Amino acid sequence: MDATVILRVSAPLLLWVPMALSLYLLLRGHNDPGGGFVGGLVGAAGLVFHAIARGHAAALRVMRLPPASWCGLGLLLAAASGLLAWLDPQAGYLTHRWWFADVGVTLPIGTALLFDIGVYLVVVGTITAMSFALVAED
Amino acid sequence: MEIALSAAIGVLVAAAAYLLLARDLPRGLIGFVLLGTAANLVIFAAGRIGTMTPPLVEPGATALAAGAANPLPQALVLTAIVIGFGLTAFALVLVMRAHAAFGSARSEDMDAAEPPACTEAAPAPPETGFVRQPARAPARPLREVV
Amino acid sequence: MRQVLLAAPILIPLAASAVTALLWRRPMAQRRIGLAAAVLLLAATLALLAEVVSGGMLVGRMGNWPPPFGIALVVDHLSAAMLVITGLMGLAVAVYAMGPGAQERDRAGFQPLFHALLMGVTGSFSTGDLFNLYVWFEVMLIASFGLLVLDRTKEQLDGGVRYVMLNLVGTTFFLIAVGLLYGLTGTLNLADLARVAPDVGNQGALAAAAALLLISFGAKAAVFPLFNWLPASYHTASMPVAAIFAALLTKVGVYAIIRVFTLVFAHDHALFGPIVGVIAMATMVVGVLGAAAHYDVRRILSFHIISQIGYMLVGVALMTPLAIAGSVLYVIHHIVVKANLFLVAGAMRQVGGSFALARLGGLWASRPLLGLMFLVPALSLAGIPPLSGFWGKLVVIRSGLEAEAYLLAFVALAVGLLTLYSMIKIWNEAFWKAAPEPAPQPAAWSRAQRIATFAPILLLCGVTLTIGLWTEPFAAFSIAAAESLLDRDGYITAVLGAPMPRFAEAVP
């Protein structure tokens, strides 16, 4: 990797920008309801950028867990969000449930949010795994 | 609009078929991407074109406003794009690894899995009954013979 | 409770895949979880089968959206049987995969991919929605890509490239067919499609979509002339992977053909019956001839997968209750036998040192028990009574004679003989002839590895013998499955409720 000094020094400082944007997208999406997929893409892009600047070993350190574990965690969350449907045993798997938390304003929290977080993690894990595999070829 | 879309689909499929026939694997991959795009356009056109109103339920309403676009093909196409993206990424990694292993990305240069038929050690016919003499020297590969 | 039962065969492998991926760096923990999940999956599918046999077809609504708007999970006799067989194969291969080579496999990510593959298969068998079927196909495909090139050898990369390219194109055809069907009917729920399809004005376009589906499923099932990816790739995979591929992947294609062509396009049988019949015959013949030309155990077995697919299509070709029952029985028998043959081949490699017939020999003298374990599935594959394959072939051929498809019946018989030839070839070369000089050194393996290798082989031999000697319940079940497959109105009513008025006119 022969990134310039400027890129190498600034990459860790700037990593939070795509990460914050990805979290915002995760919660708001293109059009208000969540956007796990776009959020995940932006987050993965941030990590891949970091890998370009500092090498993919550094990006893996930032991620803490291996990409496959991110996928696993995401899948688990998404699957678990569907299980809550069976609070009513007659309901089909993945039936939505909503709770309205009252913290000053009414904050609707649904199983869909859990599902979206799961999608976010899966996308980040998959994309980083794929791109690091490509980078490792060089 | 349908006519334009049909023409686009036709051109995409033709280009995809041409590229998929190439022996160069990256070209084949691009062919697959084009074919996938054509398939997505087929689904999109199948949902009927005609309105620019996005299929979003207005705040307070419980159903789509009349005249909104059909949301189902959009959902299907989105799913198909995501899946196609994953498949393409995987295939790309695979082609790159194959390129690294064989030093070539042309399919005719890859013959590890199916070596030319004669090199696959065929047993010689038994001489008497089922008991056979110890294995003889392997047959020469077809290439050398020819 | 029924909703839980319906989703369980998908959720258990999903959870197993997720947890094993989460524990990426701990192969031992992965293996234990994988095994537990396989046991759980078999138990869940057995419970589901019992529920279906006693209470009839189960219908579930994902997210409580009523069909045809939401995704419906529909499990009838055929689906339930396929799910149980998947559970059985999952368990057998999960145990077998703990044999030699387990550590390398687990470190390369075998467990998450294996369970993702099982999820794709169970999802395909449970879904009642065409687009959802496409999604499950892709889940299965991505997992199988990863499994196929697990060891990253040159051989595997070469086979993998061929497998990937052809399957990518095959599933894209599926997607185009989905688009055409949606445009013609406005629905993708299988029951709703079955309801609307006979009244579609443009039957020509519908037949085109059906042909595209036949091509796509046919490529998946490796029928003539779309089979080339299979013998180019299967023999390169590591043995547990090859076994689970041989057992399940092509059969998902067969299942999809049976499901869609008995349900949605049944009214078009006059057009597609003969086509499928010709494909079935060509597939049988080409597969068995390909096997005759090869001298590597894995490649012989790979070609036999293809030839056997032909038998399973006879039901769709003839569309009589007996023929479909024959197909169902044949699929069940074949999955068990074929997976077992691959497992035995792996054991032969372990004790004989090679897959090449020229370098094998003398195994009957040194390992008579292994010889018996080979003979049970091998003779069953060829259709020797009283093993399971005999009954499968008997029903298929008899249905051919009853439907006056004499050519089909004759080809099925002749191909059975040629299958016997291939099996005897393996027997003579690997087991009967003198051991080659110098004698191969059997690879060292621990007692635990031997148990992991032979326990699943014995289990599957037991299943083959059970089907062969106690055929009555299996035959009765197949006939019940065929009746429920041919009862299209029953399926439509079970999924959609009371016959609905046509709320949307099929668009011209």
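Glycine residues also receive a Cβ, built from the backbone N, Cα and C atoms like all the rest.
Predicted automatically and left uncurated, TrEMBL annotations should be read as such.
Among the features that TrEMBL reports, transmembrane segment is placed at C:6-24 (among others).
According to TrEMBL, the transmembrane segment annotation covers C:36-58 (among others).
TrEMBL lists C:110-127 (among others) with the feature transmembrane segment. For the transmembrane segment (C:110-127), same-chain residues at least 6 beyond its ends with a Cβ under 8 Å from one of its own Cβ atoms are 6, 9-10, 13-14, 16-18, 20-21, 24, 27, 30-31, 33-34, 37, 41, 45, 71-75, 79, 82-83, 86, 90, 93-94, 97, 133, 135-144, 146-147, 150, 240-241, 244, 248-249, 252, 255-256.
TrEMBL lists C:128-415 with the feature domain 'NADH:quinone oxidoreductase/Mrp antiporter transmembrane'.
For C:133-151 (among others), the entry in TrEMBL reads transmembrane segment.
Among the features that TrEMBL reports, transmembrane segment is placed at C:163-184 (among others). For the transmembrane segment (C:163-184), same-chain residues at least 6 beyond its ends with a Cβ under 8 Å from one of its own Cβ atoms are 130-131, 134, 137-138, 141, 144-145, 148, 193, 200, 202, 205-206, 208-210, 212-213, 215-217, 219-220, 226, 228-229, 232-233, 506-507.
Per TrEMBL, the feature transmembrane segment maps to C:204-230 (among others).
The transmembrane segment annotation in TrEMBL covers C:242-265 (among others). Residues 78, 82, 85-86, 89-90, 92-93, 96, 114, 117, 121, 124-125, 130, 133, 137, 140, 144, 147-148, 190-191, 193-194, 197, 206, 210, 213-214, 217-223, 230, 234-235, 272, 276, 298, 301-302, 305, 309, 312-313, 315-316, 319, 324, 327-328, 331, 334-336, 338-339, 341-343, 346, 485-486, 488, 491 of the same chain lie 6 or more positions beyond the ends of the transmembrane segment (C:242-265) yet place their CB under 8 Å from a CB of it.
What TrEMBL records for C:271-297 (among others) is transmembrane segment.
The feature transmembrane segment is assigned by TrEMBL to C:339-357 (among others).
Residues or ranges marked as transmembrane segment in TrEMBL: C:369-391 (among others). If one looks beyond the transmembrane segment (C:369-391) by at least 6 residues along the same chain, the residues whose Cβ comes under 8 Å of a Cβ in the stretch are 304, 308, 329, 333-334, 336-338, 340-341, 344, 347-348, 351, 363, 416, 419-420, 423, 426-427, 430-431, 454, 457-458, 460-461, 463-465, 467-469, 471, 474-475.
Residues 277, 280-281, 284-285, 287-289, 291-292, 300, 304, 307, 310-311, 314, 317-318, 320, 323, 378-379, 381-384, 393, 396-397 of the same chain sit 6 or more residues outside the transmembrane segment (C:403-424) yet have a Cβ under 8 Å from a Cβ within it. The transmembrane segment annotation in TrEMBL covers C:403-424 (among others).
Among the features that TrEMBL reports, transmembrane segment is placed at C:451-470 (among others). Remote same-chain partners of the transmembrane segment (C:451-470), defined as residues 6 or more beyond its termini with a Cβ less than 8 Å from a stretch Cβ, comprise 88, 91-93, 95-100, 102, 332-333, 336-337, 339-340, 343-344, 346-347, 350, 373, 376-377, 380, 385-391, 445.
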Under an 8 Å Cβ to Cβ limit, what residues of the same chain, 6 or more beyond the ends of the transmembrane segment (C:271-297), are close to it?
207, 210, 214, 218, 222-225, 227, 231, 235, 257, 261, 265, 303-311, 313-314, 316-319, 345, 348-349, 355-358, 360, 405, 407-408, 411-412, 415, 418-419, 421-422, 425-426, 429-430
Six or more residues beyond either end and a Cβ under 8 Å away: which residues meet both conditions relative to the transmembrane segment (C:204-230)?
137, 162-163, 166-167, 169-171, 173-174, 176-177, 180-181, 184, 197, 249-254, 256-257, 260-261, 264-265, 268, 271-272, 275-276, 279-280, 282-283, 286-287, 302, 305-306, 309-310, 313
Could you tell me what the rest of the chain brings near the transmembrane segment (C:339-357), counting residues at least six beyond its ends with Cβ under 8 Å?
89, 92-93, 96, 99-100, 235, 239-240, 242-244, 246-247, 295-298, 301, 304, 363, 366-367, 370, 373-374, 376-378, 381, 425-426, 429-430, 440-443, 445, 453-454, 456-457, 460-461, 464
